[in-house]
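The domain '2Fe-2S ferredoxin-type' feature in TrEMBL is assigned to 7-102. Annotated domain '4Fe-4S His(Cys)3-ligated-type' per TrEMBL: 103-142, in sequence order. As annotated by TrEMBL, region 'Disordered' applies to 338-371. What TrEMBL lists as compositional bias 'Basic and acidic residues' is 348-362.
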Amino acid sequence: MEEIKPQLIKITFDGIEVEVEPGTTIMQAARKIAEADESQAALVPPAMCFYKPLSASGGKCRACLVRVAQGSAKDPRPMPKLVPSCITQVQEGMVVENTTNQNVLDTRKSIVEFLLINHPLDCPICDQAGECHLQDFAFEHGSAKTRYEEERRTFDKIDIGPHVQLHMTRCILCYRCVYTADQITNKRVHGVMNRGDASEISTYIEKAIDNDFSGNVIDVCPVGALTDKTFRFKNRVWFTKPEDAHRDCDKCSGKVTLWYRGDEVIRVTARKNTWGEVNDFICNTCRFDKKKTSDWVLEGPSKVKRSSVISANKYRADLVKKPDFALKLASTQFKPIDDSRPYTTDEETIRHQSIENNDKANHRSLLAKNN
Ligand code: SF4
Ligand code: FES
């Protein structure tokens, strides 16, 4: 019998028409546009809590708010408020504005500010730096200044087992780890306790998360609130080399990314897709106990976005136009610092100064090595 395909729904997202199946969310429709044409990736709303592999995720962080300028073909009225694109389903004839609407962009800036109210700015010592979604979110949508003067909330350290470190002060309460523990482990012992600004991720009666898949909470955490104790403070992620590898595992798919420092495997993680979501959740044996190259069949360098700091200086360095990008940004985003030092916003002058400074720094490091 011929399979009956559902009738597709046509929507317009930032001026681009796309057809999707009924039940698709606005976020998924935007991702479909980007998957068909990589150059449109910037149109996709950011997601700090939505995580496709986890059912019921989304609707917590408001990073993905968009404007629905026309609800549907039948009812063309705009929606009165901005809506979270990750949990709002499309309607035939819907018109959505994201990057084309200044109000959406301004609101997103406020959401960054809101998330940073309590998140510490400890990126220089945080293991998640370089692969932190909040860092990317703040860089792409935030403001360079903070207006926040109050004390940030802090928490007592809680021990949640031998493998995972919880830093509650960095948590943005996205609930991803809670859904992970709920959906892929058979023994959830952690969740969100209390409400409002007293909310915190905790293990009931401080039980360790000791089931076979608990390590996946590390991979889903968008910030450095849940980190791998076997990797903590070992290296910065941009100095490591990710390689895809697999092994025969009787608990999980055994498909992982090995993170190398020289010849040493210093971390094992699940592989992630373009949107930073885990493809296959992996077991704790693969993640924490298999740290030798001989444990694995290597497949080759992992695909890392060229824009990512992780790919810098490693793969296809000839294609990474780092200095141009950085210098352009410096000249356009330079915010005068409140001091008496002279500064320039001229791109060429910044370029020369940067080359001179690099030379001086290289000279200094050579001297240190030779002495
Ligand atoms: S610990 Fe991480 S994954 Fe869990 S709620 Fe907090 S930010 Fe989200
Ligand atoms: S990603 Fe949509 S609300 Fe968080």
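Cβ coordinates come from backbone N, Cα and C, glycine included.
All annotation found in TrEMBL is predicted automatically rather than curated by experts.
In this model, the domain '2Fe-2S ferredoxin-type' (7-102) carries an average pLDDT of 96.
Break the compositional bias 'Basic and acidic residues' (348-362) down by DSSP state and the numbers are 15 helix, 0 strand, 0 coil. Counting residues of the domain '4Fe-4S His(Cys)3-ligated-type' (103-142) by DSSP class, helix then strand then coil, yields 25 helix, 0 strand, 15 coil.
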